[in-house]
C-alpha cells in the first residue's frame, strides 16, 4: 500500500479554513463585536490563506486534478520560490495567522481549522514533501501518416465489409467495370 501524501489533505483543510476564517471575520465586523478589528484581520488573513492555497500541488505518483483557472495563481505562488514551496514555512505561517483570530468567538472555528491544517503541513514537511506546481503537458499532435494506414477508397456511406466486392470479383463475374447493373425487379419512372 502506498504512502499518504499529507500535503494534499493539508491543502484542502487550509483552503476550507481560509473560507471559514473569512466568514467569521465578516460576521464579527458586520455584527460590530467588541473586538471587531480582529474580524477585519480575519478577513485579510482568510483571503491570504485562500490565495496561497488555491493552486494544488502536483502529486508524486498518479495524476492531480487541477482546480478551475488554477494556472494563473500557480504563477503567482511559484514566483515566491522557496517561501511557497517549503511546507515548514507554510505550517508556521498558518499557525501564526491563526493565533490573533483565536481571541474572537466568531473566528474561533476558522482558527481551529487553520491550526489543524498547520499541523498537517508540519507532518508533510517532516515526511519530506514539497510543493511542486502542476504544469500543463505540451499537446502532441498525431502524425497523419502514422495514424492512417490507407485512406478509404470509396466515399461514405460505405457498405459493411462483407458486402463489399473486390475489383477482381466483378471482372470474374462478367460484369464490365462502370457498366449499369441489371436489377431483378423492373424499375419504372412513373409516379403513382
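Using N, Cα and C of the backbone, Cβ positions are placed for all residues, glycine too.
What you see is a predicted model, and the numbers here were worked out from it, not measured in a lab.
Straight from Swiss-Prot, the features:
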type	residues	note
CROSSLNK	149	ubiquitin cross-link
INTRAMEM	70-80	intramembrane segment
MOD_RES	147	phosphothreonine
REGION	134-192	region 'Disordered'
TOPO_DOM	2-7	topological domain 'Cytoplasmic'
TOPO_DOM	31-35	topological domain 'Extracellular'
TOPO_DOM	54-69	topological domain 'Cytoplasmic'
TOPO_DOM	81-86	topological domain 'Cytoplasmic'
TOPO_DOM	127-192	topological domain 'Cytoplasmic'
TRANSMEM	8-30	transmembrane segment
TRANSMEM	36-53	transmembrane segment
TRANSMEM	87-104	transmembrane segment
TRANSMEM	106-126	transmembrane segment
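Residues in the topological domain 'Cytoplasmic' (2-7) partition by DSSP class (helix H, G, I; strand E, B; coil) as 2 helix, 0 strand, 4 coil. Outside the topological domain 'Cytoplasmic' (2-7), and at least 6 residues removed from its termini, the chain residues within Cβ reach (under 8 Å) are 57, 59-61, 87, 120-121, 123-124, 127, 129, 131. Long-range contacts of the topological domain 'Cytoplasmic' (81-86) within the same chain: residues 52, 125, 130-132, each at least 6 residues beyond the stretch ends and with a Cβ under 8 Å from a Cβ of the stretch. Listed as Cβ neighbours of the topological domain 'Cytoplasmic' (54-69) (distance under 8 Å, sequence separation of 6 or more from its ends, same chain) are residues 2, 5, 7-8, 11, 15, 77, 129, 131-135. Secondary structure by DSSP for the topological domain 'Extracellular' (31-35): 0 helix, 0 strand, 5 coil. The residue listed as 'ubiquitin cross-link' falls outside any helix or strand according to DSSP and counts as coil.
Listed by sequence, the residues of this chain that lie at least six past the ends of the topological domain 'Extracellular' (31-35) yet keep a Cβ under 8 A from its Cβ atoms are 103-106. Helix, strand and coil content of the topological domain 'Cytoplasmic' (54-69), in residues and according to DSSP, is 0 helix, 1 strand, 15 coil.
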